[in-house]
Amino acid sequence: MDPSRETFDGSTRDSYKPPNGAEMMGQSELNTQNRIPYNTSANNRNWQIPLYWQQRGNEFQASPPPPLGYVTPEYGATGTPVNANNASRVDYATTAANVPEEYANDYSSELAYIHNVNDMPHVDGLSNHSPATQPDLFETPAQSDPILFSSYPHAAQARVDPSISKDLYNMVPRPDANTVSPHAARSASSLPVPKEASETPFRDASTDLFDEHAHAAPMHSSISISTLLSDSDRYEPHVSLTENISPVMAPSIDARLSQTILRGLPPAQKLSPNSSQSQITHNRRKHKLPLNATTNNSVVLTPDTSPLLDSDEVVSDDDSNEQQTMMMKFNYLQHLRNKRDEAVHAEKRRLLDIRGSIHDRLVCRYENRYNKLHASEYNHHHDWAVRQAIREEVAAVEAAKIRADEEKKKKEREEQVRLLQESADKDAEMNEASTATSENEDLKDDLSLADLSSKKTANSQATENNNTPSKAKVKAESKVRSKAKSDKSRAKLSSDTNKDSEKNDNNDASLQSAGVASDGESSPETPLTKASKSKKAKASKLANDTSKNANGETKSTPKKSKKKTSKAQQEANSTTAEGKEKLSGDSTETGNSTNKEASTEDTKANATASAPNKKKKTVETLQQQVIKEIARKEIPRVYKIIQQNQYNRSTNARKTSQLCGREARRWQFRTIKNNKDMQTKAKRAMRETMVFWKRNERVERDLRKKAEREALDRAKKEEELRESRRQARKLDFLITQTELYSHFVGRKMDREQDLPSATNTASVSEINFDSDEEEDIRRLAVESAQEAVQKAREHSQLFDANRQQSPNNSSSDMNEGEMNFQNPTLVNAFEVKQPKMLMCKLKEYQLKGLNWLANLYEQGINGILADEMGLGKTVQSISVMAYLAETHNIWGPFLVIAPASTLHNWQQEITRFVPKLKCIPYWGSTKDRKILRKFWCRKNMTYDENSPFHVVVTSYQLVVLDAQYFQSVKWQYMILDEAQAIKSSSSSRWKSLLAFKCRNRLLLTGTPIQNTMQELWALLHFIMPSLFDSHNEFSEWFSKDIESHAQSNTQLNEQQLKRLHMILKPFMLRRVKKNVQSELGEKIEKEVYCDLTQRQKILYQALRRQISIAELLEKAILGGDDTVASIMNLVMQFRKVCNHPDLFEREDVRSPLSLATWSKSIYINREGNFLDVPYNTRNFITFSIPRLLYEQGGILSVPGLNTSRGFETKYLYNLMNIWNPEYTNDSIKSNPEGSPFSWLRFVDESPQTLFQTFQNPVVHYLDEAEASSSLKEEQLCRQEFCYGKDYSNVRKMLLLPKSITKVDVLGSDFKEDSPFYHLTHVLEESDSQLDLTLLDSVLVQRASAPPIDIYCPGSRQFTVLQSRFQRDHLWSHYLYQPLKGEEDLIINNQAVSKLPIPRKPLLPSFGIAKGSYSNVRIPSMLRFIADSGKLSKLDKLLVELKANDHRVLIYFQMTRMIDLMEEYLTFRQYKYLRLDGSSKISQRRDMVTEWQTRPELFVFLLSTRAGGLGINLTAADTVIFYDSDWNPSIDSQAMDRAHRIGQQKQVTVYRFITRGTIEERIVIRAKEKEEVQKVVISGGETRPTKQMDLKGNSREMVSWLLEE
């Protein structure tokens, strides 16, 4: 089997088959540098299909490559091939020069087709083998491919005519030219044609082989029609027509006829054979031709000398000859084109067939030879390497098994030695014990026989010495015997170890001998064999070291170890020396026998190694079977394992050596290390001791703190119990004191009888509420009340020292049974009539209020006038000032502080009601206020009727800014309008006003309690600081019970509530509208619930997902100012979503990106009265049409000398025209009754008039458009040709209105689409047409551009005609004229109305019609309304209110929402006004006046904080709260701007609430605050509501967010 046909997995490779064109695409070419085909490496076998021809798609412009398998190359101007892969172009000469000799004979057949192959004489069999070739059309080798010859383009260029070479190679022409023999042409035409080339057309839809401007298209060297017909190239037919035409396409040509046809001359101007030679010479000089140039048939061809005539003109009277000549011209040109195409296609097919055959033979043979050479070398090296690796692996496995057996035997021998040593030790101990016993017995015998005679002793001793051995001798012999036994066992063990080591050596030798190849030849030196040798050397060295260690050799033992032998061992050796000498013979014999056995085993091992391996073939057979399984996977893996093991062994050995060295040097550092260890241990012990004592102290401290905490808790509970009892008694004291105060004030007791001295009265702080008795506390309360009355009277006397007071002894009792503040406590004290200087009539309840205020002033007591909004608090306050001026001659100074929006109202009402009081409006800039202060800020100023001022009106902001100036004046009366502005006792405003010097203070507020009871205490302390001194205690007393009642509907103590009312009654007067004003109807409040729109839901859910519960709880616990601000910000974001999503982000105006250019601006002032501004917008993209395509009748075909438009004009519109006058006359004369033109006599028209009408281009155009709408299709084709295939698809996606132009509305019949129908049904059709023109597009394009400009380079005629067609004044009137102009022409000009009018648009409009669809996308206001649920409801509500003549006040919390509402009102065309915090004071006055006096104003937009205080807007009868305020009192004041005195209509209040959002919780919270007011002011019961925190702090808002 051929190894080159085997793959690595053992499967057979498929035989080579020449690939087709599709498989060859994208392959690499031959790489001659490495002498390896197709750019592959030596071990890479992925080259079974080596292909080097690459198909290039850039040879054809704007179209895919042709489907042929091989394509022709491109050639540049210098004749070299132009290709993207020139870097990898095959050098066949170099390739052939490097082919080995053994393949020269096989390769010589291919070298005939390689250029310069004869230049290699050094290669045998390769030189002089090029077969003879036949010349073809180009006199080149017929069987070769031009791409294989580097010099072929130059040679071909030299042999082609200059005019033809321009079309073929686009190179610089050369003057020399050779003719082509007919034999070469016939032989070339007889070559076979590839099947794929014959079946596939060479020319596709988008590529013209004869287009001069398609430079990338391949051209043939035959004559092209573009060359024959190009007048600018000055092609001379007599030079190249008959000489260079291929015989296949060269019929017999009449020189005169060809001259006539090619130059386009009429027959009347043909030259005769007898023409003069001078005329011919003149023509040759004119056209720069050689004088001796002749054709093959020796016929002289001369060009025409007369001017060229248009083919449409009639140049001769002989119409028949003219027609024949033109037909011959047309037919011959068609015949010439067909012949040329056939020759070109045949030549192309022949070249492609030659290229395919050459490629197949070269590639197939080269691959086969290379495969054989590569496969033999690869298999030789690869197989030997695999076998060697397997041998090494088997040897390694066997060595590992041998080493494992050795280790096992070694362990067994060590165990035997240990057992023998133990037995020997036991025997020695026993011998010593027996020897000691015998010695004792001998000693006893000596002592017993001491008294015997010496003779007997001597005899006995001599006998004993002769017959029995001595006991010492016996002892020595036993020791020697045991020692010899142990030595024998050691010798046996060492002999076994020697045998094992010899076996290892024999195994290594056998493994080494196994590395020899089976055929006896040594393997070549490869990296694999070198690695195996080094590995073997290391393994043998390791085995020798192991055997030496096992045998116990002492040669490798260091000398130092010998010196360290202990003295005990030396003594033992000396003791057993005698035993060793006696048993040396036995041990020597044993050693000799052991050596003999070892030598015998070595001999056997050597014999085994040297003997021939009988199982060698069997092993090799097994190896061949295993090789295919483990060659790819096992060998690399095992090799990696071996490498890793070797690395691990070396690493372990290195670490072991390092550890040994460290241990050897340890004794040198023993002292230092011990010291360090001692210090470390001491530190650790000290640290642990400290930790223990700290832990102990911490536990003791915790226990102590726990005990202290428990004690504090017990004490705190006891203190709370005592404090609760103390507070209860203190509250009772305060109530009693206030009741007595009210009683004293009402009865007007005498000072001498009832009021004690101040020295006998104790202060509240000095009273001990824990130990004092009830009687003592009551007595102290009486004294405190009397003292308070005395202080109040003394304070008023400071201002009345110089005035005479008229005492009034009338008194009244308290009305303790009433639970309201409608009847003042000081009633019946004295009656006050309405002042005469007051220029209005007070109502009954207003007169009662004046009496109450006058009595408070007389007693020096401050009060709170808390009438409901709209009951005339301002008039009552002004009447008090008039009363003081008229009755007591107190003309001031009076100070009125009011919100900024009501300052003008105060000034106007004071001037109108009391003209005698001079009022100074104190507001404006810093400079203005400085000037105003000169009038009232004076020292020692007296106030009477002639004083420069009496009343100063200013705002809260200015009072705080200029507090130093106001504090320098002693004010008789200070009136605070909308006193809820000082509800916070911690504000700087409250503190500044409290420091003013004034006799009396009057607070005007419609809501004395807005949120909590703490605000009520702030007002009470402001008017009576001596009674209501403790803020915390007041809040603790009243907030706990009343607010909990409003929160959870608990039961109130009625008695305590009555006493609380008694506290407030002396200082507060409050009336409601329903009780005192019967003519003012009640207001109707409605809640309008709105749903979130889809856009609002998305934003609301997004905000909810961003909230972190953990952060909210943490912020609720902290409760700082920053925390409250951040939580408030979150709540406001939710409220923005409920109002309108555009509060986050407005929708911008969008328009597509304009990809166009414009001309520079025109100076209009220089153009005079008439300015012509043409359409000058241009696209960045321009499309070039080849001149030949334009002139040959392409997309924009126009009549010309060399186009077919002249034939169409002549034959189709003139000769073959049924409207010809001659044909019409003949038809009428031949058949007057049955002629199709018999109707002419009825319309009184002549055939000539009919022919002129037909020749009108407009009539032709309308006829075609009416019949088949071909014009519209042509326009679409042009658009698709310029923009691409997706243009029509994009237009289908758009919802575009139909253009309303003249074409659509004008017609000739009285149908629904005729102009007369539309003119008579204008009212019916106007609405529908308006909807169509205003229709928006569904799809918004990202970019827009004008149509792509088309131009033809080199043709001025195209540019002129194109601009004339688009800019012509007559045609532009019909193409782009608007509808209005056409209607005017129809109505005013009857002549124009008779003309035929086009029914459909001729061209798309360049601009945008008036009122039609625009690309500029302005946000839709309808969508703006639909995006908000509230705005949608408001839109419907305003329509109803407008229809019923209502006027509306709309309140907002956010000024940005007011901005959006202004856009909505402008869109709906509602007249409105706007007032917010940014409005100036003067503007507010003017807007209020304008609203009250202009009934056409429909809506008043106000902010709740700025426009809800103090102004009178009774002209409105409807109030709408777009979003509710946190404070219900603010909303109540805002709705009372319309529901007040002077309102004649029913007031309706609408409150918009978004369902299921945070707004619902805000409204519930506001209702609970209203319940607090209801309890405190009117004493009514409340309905049960959801339990919530009334403090209004961060925890309340956190609870709302958690519910979200």
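In case you wondered, yes, glycine gets a Cβ from its N, Cα and C as well.
Keep in mind that what you see is a predicted model, and the values were worked out from it rather than measured.
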Quiz prompt | Of the residues Ser232, Ser518, Ser1270, Ser1326, the one that Swiss-Prot lists under phosphoserine | solution = Ser518
Quiz prompt | Thr179, Thr435, Thr942, Thr1203 - residue that Swiss-Prot labels as phosphothreonine | solution = Thr179
Self-check item: Assigned element (helix, strand, coil) containing Glu868 (ATP binding site), judged by DSSP
Solution: coil
Quiz item: Quick one: which residues besides Asp867, Glu868, Met869, Gly870, Leu871, Gly872, Lys873, Thr874 have a Cβ within 8 Å of the ATP site's Cβ centroid, in sequence order?
Solution: Gly1006, Arg1540, Ile1541
Exercise. With an 8 Å cut-off on Cβ-Cβ distance and a minimum sequence separation of at least 6, pull the same-chain contacts of Asp867 (ATP binding site), or say none.
Key: Gly849, Lys873, Gln876, Gly1006, Leu1069, Arg1070, Arg1071, Val1072
Quiz item: Counting every protein chain present, what is the number of Cβ atoms, excluding its own, within 10 Å of the Cβ of Gly870 (ATP binding site)?
Solution: 22
Practice problem: Can you check which residues sit near Glu868 (ATP binding site), meaning Cβ under 8 Å from its Cβ, same chain, 6 or more apart in sequence, and list them in order? | Solution: Gly1006, Arg1070, Arg1071, Val1072, Lys1073, Asp1536
Self-check item: Cβ neighbours within the same chain of Thr874 (ATP binding site) - under 8 Å, at least six residues apart
Solution: Asn905, Trp906, Glu909, Asp977, Leu1004
